[in-house]
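Remarks on the structure that follows.
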Amino acid sequence: MSTKQLEVVRPTAKFPPSVWGDQFLIYEENTAEQLEVEEKVKKLIEVVRKDIKSSLEVQTEHANLLKLIDAIQRLGIAYHFEQEIEQALQHIYGAYGDNWKGGNPSLWFRILRQQGFYVSCDIFNELKDENGSFKESLTSDVQGLLDLYEATYLRVQGEAVLEDAQVFTRTHLNKLTNSLTKTNSTLSTHIQDALEEPIRKRLPRLEALRYIPFYGQQEFHNKSLLKLAKLGFILLQSLHKKELSQVSRWWKRLDITKDLPYVRDRMVESYFWALGVYFEPKYSHARMFLAKVFTVTAVIDDTYDSYGTYEELMIFTEAVQRWSVSCIDMLPEYMKPMYQVLMGVYEEMEEILLKDGKEYQLSYAIESMKELTRNYMMEAKWAHEGYVPTTEEHLSVSYVSSGYVMLTTTCFVGMGDLVTDESFKWALSKPPLVKASCIIARLMNDFVSQKEEKEKMHVVSNVDSYMKQYGVTKEYAHNVLKNKIEDAWMDLTLESLTCKNVPMHVKIRVINLTQVLTVMYKGKDNYTEVGEELIHHIRSLLIHGMSI
């Protein structure tokens, strides 16, 4: 070994080990019990399908139909009724346009905008008095107040009436939580949950877990719907546990943390992240592929951030650009297993895609991975040179290094005919919808990992760049960048409504990816340092059963 090699000083981070051990390796399937549940689910689906159809046929029932659709979506069973829901909302939009007359305009507005219908917010001006303030009488209707609050998170830039409504509803809901704590603790908790995280920003799977017991406590709940939600949860959990067992065994076989002890061992958390993007059964192959790519990306990210020298990273970046097993020999010894695993994940998925003639999809995912490492390398260059980029310069690179362009493109792989060649090209072009998601990912990550990045000799965060560029305090920079996050959420909504050349089931993947961030970066980087709340979520979704 040369003297130069002996003198290498590596800024090694010390990450906590996995909290899960081997508990997900084994999955025992009860086929007979599962078949019995599946039969019950089929019958319940038909019952609910008839409810949707009968409500659609009677105009006076359209308000109740929206309530039914809202419950179906929040209970996590909308994937059974995608066609029926789309037809129902198309009918309602066609019949009423922006002139909804069925009551509860807040629910109408939120449900239609969630589904991609760009309905006007002018209807909320009717809730104001002659002085332009929201009527005080609204505060006596707690559910109406909550519905209005939730609707405000589907606003876009320039919708002042919804901005005012958010301030109004938040103020009064905060007051109500205190008075309701003793008289109606369930409703009080429901309101507190909404104030902490509105539906728009909630992870659908966790919302189902939260909403099922709440819905069951409502006096006039639909019993068939509730039973379907519970049985559906059991079936989904069984599938997800089976998938997690498969990817856990794959990760165990690789044993990459033995060769690379400096990396994060986060297979389970990676699967949870992928589960947030899509939980439906038809996306099983796509979900497992995304989880594997996510896990390997974390290993690569840690190598750029916490271990590799500048020269080594240049070699690795070049090897990824060439994307060939022949490049292994050019790599430092410790990087070879990582590169082999990266190649292996994509080769394995290619075999699956070949069966359906969809192998072309992989080329887009590979291109996005190449781009990601190029941006990792640019950040490594900045860190190596001690360079502090401007906020604009930083974000032009770091929104890509957030990984969300790569994850967006990669999550489409394996979705079959639902995603076309045009959808992949759209994602790689970094359209406003994807860029908004990336900005949210980057800034939320920067808020919670600013201190850790400094300790790892990483490039400074966007917070640091803003502080230096404008000579402001950390608190001021945080407030400015938090506003950027809220602006990005509104951009996300606007693009989901106006981007008509991409189907909603594709755009919803980007929205779901963004919603995962509210869990993973809540208070800290929960992926790196797994917190109790995330552990609770994973246990609830993948370990604990659902009582019928």
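Cβ coordinates are placed from backbone N, Cα and C, and glycine is handled just like the others.
Positions annotated as (2E,6E)-farnesyl diphosphate binding site by Swiss-Prot: Arg264, Asp301, Asp305, Arg442. Arg264 ((2E,6E)-farnesyl diphosphate binding site) is surrounded by 23 other CB atoms, counting those within 10 A of its CB over all protein chains shown.
All protein chains included, Asp301 ((2E,6E)-farnesyl diphosphate binding site) registers 17 other Cβ atoms within 10 Å of its own Cβ. Classification of Asp301 ((2E,6E)-farnesyl diphosphate binding site) by DSSP places it within a helix. What Swiss-Prot records for Asp301, Asp305 is Mg(2+) 1 binding site.
If you look up Swiss-Prot, you'll see Asp301, Asp305 marked as Mg(2+) 2 binding site, on the strength of similarity to another entry.
Positions annotated as motif 'DDXXD motif' by Swiss-Prot: 301-305.
The Mg(2+) 3 binding site annotation in Swiss-Prot covers Glu453, and the record cites similarity to another entry as its basis.
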Please list residues from the chain of Arg442 ((2E,6E)-farnesyl diphosphate binding site) whose Cβ is under 8 angstroms from its Cβ, counting only those at least six apart in sequence.
Leu395, Ser398, Tyr399, Ser401, Ser402, Tyr404, Asn462
Tally every other Cβ atom lying within 10 Å of the Cβ atom of Asp305 ((2E,6E)-farnesyl diphosphate binding site).
22
DSSP-derived structure type at Arg442 ((2E,6E)-farnesyl diphosphate binding site), helix or strand or else coil:
helix
Within the motif 'DDXXD motif' (301-305), what mean pLDDT does the predicted structure show?
95
Three-class DSSP secondary structure - Arg264 ((2E,6E)-farnesyl diphosphate binding site)
coil
